[in-house]
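Undergrad: Here it is: the structure, laid out below.
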Amino acid sequence: MSKAKFERTKPHVNIGTIGHVDHGKTTLTAAITQTMAARGLAEFKAFDQIDNAPEERERGITIATAHVEYQTDTRHYAHVDCPGHADYVKNMITGAAQMDGAILVVSAADGPMPQTREHILLARQVGVPAMVVFLNKADMVDDEELMELVELEVRELLSSYDFPGDDIPIVAGSALKALECGCGKDDCDACKPIIELMNQVDTYIPEPERDIDKPFLMPVEDVFSISGRGTVATGRVESGIVCVQDEIEIVGMKETTKTVVTGVEMFRKLLDQGQAGDNIGVLLRGVKREDIERGQVLAKPGSITPHTKFKAEAYILTKEEGGRHTPFFNGYRPQFYFRTTDVTGICELAEGTEMVMPGDNASMTVNLITPIAMDKELRFAIREGGRTVGAGVVSEVIE
């Protein structure tokens with residue numbers, strides 16, 4: 001089969017398999033690529049091609065992740081699968097592989113297990129918007145009532161973490177049987193569950209809002225003044241569009257102020273607008289060089305606010321990853337690196353947590369000494385004197 005052309009016409013969605021070790025995440029990933037390949041919509045990736053995932057470094061953290069891609073009739077998917085539990089934790093917290101949705105794999109023979117629970121919690125904390133469930137190894141359960149019990153258990157578990165457990169689609173099947181058959185036909189007992197699963201993913205997981213459609217936001221990287229013209233802030237536009245004459249806010253570090261964009265330039269050329277992904281300079285009306293600094297953001301008025309206190313999920317690097325050699329305790333005071341700047345913060349560990357060891361993931365409440373423009377799901381690094389010792393994500397803004 002010739003390599004499927006990357007269709008720009010189909011919406012693109014990032015997805016991943018999550019769930020307990022040995023419940024069949026990688027087998028399912030292989031089965032999906034094979035079923036879609038049989039339908040002319042993907043290139044087949046075998047189990048061991050996916051399982052021997054290369055290690056990547058994201059913010060100094062080593063993560064093994066396999067990336068596969070395939071299409072359905074309506075969408076183009078990039079799918080991530082991680083070989084180890086620790087890789088999932090790191091991946092979800094750092095946002096290394098952005099997930100617009102997830103396929104939760106649960107073995108029908110075992111039911112939900114500790115990592116099933118942990119992955120659902122992480123998905124909730126880091127803001128994975130929706131998931132679909134695949135009850136794998138259904139061929140090993142011949143008792144209809146037992147299947148129903150497992151399904152009920154999964155739904156209750158999802159509901160307990162604020163996912164709509166009653167509405168989430170659950171598809172039962174055997175990834176291994178589908179992989180062994182590989183015909184990809186609608187009427188095949190082995191392959192049908194995979195096709196049904198992908199139909200559910202197509203319809204139930206919402207299409208992500210593109211960065212360009214979100215409100216304008218640009219983290220300030222550098223500031224300089226141009227004599228006779230005013231002050232220019234430079235940076236990469238994170239989301240949205242900014243046009244000349246737009247009113248914007250400067251948010252974070254100090255009092256929020258309003259100003260008007262009097263010019264946008266890119267590669268020394270003047271433009272009418274800048275958009276998500278562009279590296280631009282923004283000329284600001286009536287703003288002094290000292291009124292604005294790295295670490296602030298330019299944003300659409302009212303779209304983002306500065307905060308000092310938030311809850312977070314964090315992963316703390318191991319010694320081998322270049323992190324700390326010792327645990328830390330309540331009251332730990334590292335720097336939190338948001339977008340373009342470090343801010344000192346004080347960590348309050350979750351109740352019942354005495355200390356956090358290198359290699360742990362932890363829930364904590366953080367108090368920053370300076371306010372930063374933030375929203376739920378904002379990623380950050382934890383640093384000590386410029387060295388990264390952890391990575392985290394804002395799970396809730398408090399004040």
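Cβ atoms here come from the backbone N, Cα and C positions, even for glycine.
Pasting the feature list from Swiss-Prot:
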DOMAIN    10-209  domain 'tr-type G'
BINDING   19-26, 81-85, 136-139  GTP binding site
REGION    19-26  region 'G1'
BINDING   THR26  Mg(2+) binding site
REGION    136-139  region 'G4'
Undergrad: Quick check on the region 'G1' (19-26): DSSP residue counts for helix, strand, coil, in that order please.
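TA: Final tally across the stretch: 2 helix, 1 strand, 5 coil.
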Undergrad: What same-chain residues, at least 6 away in sequence, bring their CB to under 8 Å of the CB of LYS25 (GTP binding site)?
TA: THR17, ILE18, GLY19, ASP81, VAL105
Undergrad: I'd like the number of other C-beta atoms within 10 A of the C-beta of ALA138 (GTP binding site), please.
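TA: Within a 10 Å radius of the Cβ of ALA138 (GTP binding site) lie 20 other Cβ atoms.
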Undergrad: Do any residues at least six apart in sequence from CYS82 (GTP binding site), in the same chain, have a Cβ closer than 8 Å to its Cβ, and if so which, in order?
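TA: CYS82 (GTP binding site) has long-range Cβ partners GLY16, ALA53, ILE63, ALA64, THR65, ALA66, TYR88, ASN91.
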Undergrad: Within 10 Å of the Cβ of THR26 (Mg(2+) binding site), how many other Cβ atoms are there?
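TA: Taking all protein chains shown, THR26 (Mg(2+) binding site) has 23 Cβ neighbours within 10 Å.
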Undergrad: Where does CYS82 (GTP binding site) sit by DSSP, helix, strand or coil?
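TA: Once the DSSP labels are grouped into three classes, CYS82 (GTP binding site) ends up as coil.
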Undergrad: Sort out the sequence-distant neighbours of ASP22 (GTP binding site) for me: same chain, 6+ apart, CB within less than 8 Å of its CB, listed by position.
TA: SER107
Undergrad: As a test of reading the model: what is the averaged pLDDT for the region 'G4' (136-139)?
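TA: Across the region 'G4' (136-139), the average pLDDT comes out at 98.
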